[in-house]
Every structure is written in C-alpha cells, then in structure tokens.
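Everything below concerns the one structure shown next.
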Amino acid sequence: MPRRFPSLYQTFGSGSTTPSRRADVQLTGADGRLEEWKDGDDDIKSEYGSEISKDDADVTTYLIGADDGLGEPEVRRRENLHRFDPKARWTWREERALVRKIDLKIMLWTCLMFCALEMDRANIRQAVTDNLLPELGLDHNDYNLGNSLFSLSFLLAEVPSQLVSKRLGPDRWIPIQMVLWSAVASSQFTLSGRAGFLISRILLGVLQGGFIPTVVLYLSYFYKSHELSIRLGFFWTAMVFADIFAALSAFALLHLRGFMGFSGWRWLFGVEGLITLGFGLLAFGLMPAGPTQTASWFRGEKGWFTPREETIMVNRVIRDDPSKGGMHNREPLTLKLLRKSLCDFDLWPLYLLGVMSNIPFSTPNIYLTLSLKDLGFTTFQTNLLVIPSQILHVLNMIILTYLSEAISQLSLVAVIPQIWSIPFLLWLRFADTSEVSKWTTWLVMSIFLGNPYGAGGIIAANIYRQDDAPAYHRGNSVLLTVVGLNITLYLSTKMYYTMRNRYRDRIWDRMSEGERFEYLAMTHDSGNKRLDFRFAS
C-alpha cells in the first residue's frame, strides 16, 4: 500500500527526518484552559500537527497552491482551504474528540451504504437456495456466466464511474448510483428467463462499479492516511455484516414463497431493492461535499462541525499529505491523468494481486449456498448456516488489519489468508464428501471461508463447473494451484517494493539538508515518483 514518508513538517522542522525540538509552548485545550507542553512533548506535537514552523508553512503553502498569474493564489479557490492556516495549532484532546465525531457522522454512514451495496449484489446467493435456477430454466454454468458478467461489468464501470464522480462530486454521484441500482435490484422481482437474468447482472455491475473507490476518495477528505487504513478495515467488515443481515432477512423473506402466488426469491429481490432505495434517498442528505460544507437544510444551518473543528480537520489532513491541498471534489479527471496511472509500473504488482488474490476464496463463497443445498440441508437451514463463517470472517479481518498496522509488514500479513486456505482446499480436493457427515463438510467450509478474503472475481466465477459438481475436485485442484501462485506473487511484491524503497533511501541520504528542502519546494515529481515517497510493503 503506497504512502508518503516522512511527512513534510517532520522532515524539515530541524533539517532532519525526525521531529524537531522546539521551545516550550502553551496550547488552549478543549476545556478552554491553557496547557503547557514541554520540550519533550514535541513528538506528540509533530505527530498530531499541533504546531508547524514558518519553513514548513512556506513549503506546504507552495505545494498546495501557487500564484495563478492573476494575483490570487490558487488555494483561495479550492473548497475547504479557507480554513487552511499554517499557524493553526490544537491539542491532542481536541483532535481525538474530532476524529470520534467524524467516525459517527461520516464513517458510520459510509459503512451503512456499503452494506446496501453488498446486500443487492450478493443476495443472489440466497436466491438460488429457493430454486431460482430451475424456475428460470438455468443451470450452474448459467449461474457462473451471470456472476462473470456482473464482475466484468463492475470492473469496466470502475473508471467511467470515477470520472463522473470527480465531475459531480462523490456526495452527488453516490446517491444517484444507489437509486439507480436499487431500481434494477428490485426489478429482479419480475425475472422470467435466462436473458433477463443475465441483463440484470450486467446492469447491476455497471451501476455499482466505482462505488468503492469513490467512497475511499470521499473518506480521504476527512482522515489522515494512517487513520484511513484502520477505518477501511472496518469498512470492509461492514460488507460481512451485510452478508449476515442478508442471510437473516433471506430466512424471513423466503418464507413468503406462495404469498400472492410468487416465489420467495422474488420477494427477496423486491424487498431488499426497496430498502436500498431508501438508503439512496437518505444519502442525498447525509453526504456533505467536504469538511467545511456540511451545512444544509437536512443537516442544519450551522452544519455538523464548528469553525474551530473545520480548521483542525483541514490543517491536519493537509499536513499529513500536502498534495491533498490541491484536491477538488468537483474537478474532472483527464485522460492524461488516467493514462499516467495505468502506465505507472510501480502499481502493476498491486493490480496483479487485485486480480488473483481473492480467487481461492471467492469461488467456494459463490457456491457455498448451492453446495450446502447439495449436501442435503434445507433452504432455511442453508441461509442460517452461512452466518458462522461470516462472523469468523469479521473477527479475522479485524485481527489482520490491526496486525498489519502493528508490524508494518503488509505483504507478509496479506499472504496469511493464502496459507490458511491450503489445508482446507486439500481436504475438499481429496475427501469423499459423500462418505462424511454433511456437518463435517459444513464445518470445514465455514472455517475455510472465515478467512478474511475479498469477494468477487471474473476468473473465480468460472472455476466450479456443472460437469465437476458436486464435489468440484477439478475446481479445487485449480484453486490450490492459484494459492501457490498467489504466495509467490505476494513475496515477489514485497521484494520489489523493498528494493524500490532502498534505492530512494540511497539517493535521499546523499542529499544535503538544503538540497532536500529545495527538492520538496521545487520538484515536479508527484505521487509515488517523489523521492520522499515510500511504499509500505
């Protein structure tokens, strides 16, 4: 995961790469009293951005806005930057209270929106337990095709969706997306054949594509980089809670089979689609455009944050990453920037891992409900029996997220799920599931899928085939091969980024203090091409 290191004010507070030692200062606390912070507390001040030197302010201001030739710095035309103040300072107590408030006002709602997305894209797994496939004249291969078309559409829509989002703003585009896909999701109530099934999967993929990266961009307006990484762990955890809720709601909604003459899976699609519609309509009022744009008729005339809190929000984020000072939530992306990102070879290992890493888990997860039905569990037992694996998944995801932050070894932590999967895939490949208890098979599958994987995948949807059912020995052999490849990819990625960081360390260490300062102030390098950028591996 890329990150900038070290931060600007840490680098040049005293001409070194460690926090500078400054004179004693007095800061006003949240209770209005003066707090005296001694010289030994500078690490805390530097980490939380409570003080910034004149040199730091000059360079930061240069990075986030230069004179545009009209006599007015560009920063004055950027939203949120009327709160930018290089001399602003605040206490640790104020910042912690503010972050908790952001968690409640911003993070919680984004997690709920993600739950809505997951519910509409994953409830197909519950629907197939209620005879959706035979009633539509479909087989397992048609099911695979539908999942593949969804994943492909989701992927192809990522970039166009983000282009629209950058033009309109995430606060406008995300609610529009939710309303549009909820219309498609609820219309699955009327499905009547193979063509309708495939078209609905394509439309859902197109309309949901780009939602996740757009939300991550939106959250970056409010959080510092290290805060965001932890919160993204909880963001992905929300997906699992959605799966648990989907299983419980399916247990209830599928009991409606026969009500008004309709199948249970039709009620499942229709009701859950209408729930998402409600979330989409609420999103128009619950998503402010940015930290200083929370006032509205829905959120109140004064907004969610005080002027003091807005100042802290803006300055803490910009000091963590000065390049965010140039962000504009209504600024369109250009083809030049898109081409530049696609040609960035330093990101290619991440793209490859994004394609391959989830395959060993996505395939069994897609087929979990069908597999449990084949073992002899009833429709309602099946939908309840998927819940334990989801709970275990949540716990493991949280543990690995904190572990990765604690030891700062992202690649080594990320490879743990691949190693986890090996004994379970070996059992599924060589065990005769027809000769063992169905509860034993369920237990193995639950522990296996309790692994913190990410869902989805075009390739994953086509590994279990109709002619390989129900044991899928061939498919499990393929998954074991993919696991071996993924372990190699993770270790190779770590080696690559470690070498890239060492190369930049050698260049940086040879530079004098003045050369470093001049580089940061004058360089045209950007993003991960900067000499002060380090890859977290």
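Backbone N, Cα and C define each Cβ position, glycine as well.
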Per TrEMBL, the range holding transmembrane segment, considering 97-117, 202-222: 202-222
Maximum Cβ pairs under 8 Å to the transmembrane segment (476-497) - stretch from the list 202-222, 234-255, 410-430: 410-430
Range from 202-222, 267-287, 410-430 with the greatest count of C-beta pairs under 8 A to the transmembrane segment (234-255): 267-287
Long-range Cβ neighbours of the transmembrane segment (348-370) (under 8 Å; 6 or more residues past either end): 125-126, 128-129, 140, 143, 147, 382-383, 386, 389, 414, 417-418, 421, 425, 428, 445, 448-449, 451, 453-457, 459-461, 463-464, 472, 475, 479-480, 482-483, 485-486, 489-490, 492-493, 496-497
Other parts of the chain folded back onto the transmembrane segment (202-222), taken as Cβ under 8 Å at six or more residues beyond its ends: 80, 102, 106-107, 110, 113-114, 117, 120-121, 149-162, 164-165, 170-171, 173-174, 177, 180-181, 184-185, 228, 231-232, 235, 287, 290-291, 313, 317, 324, 327, 329
The domain 'Major facilitator superfamily (MFS) profile' (106-537) [mean pLDDT, rounded to integer]: 84
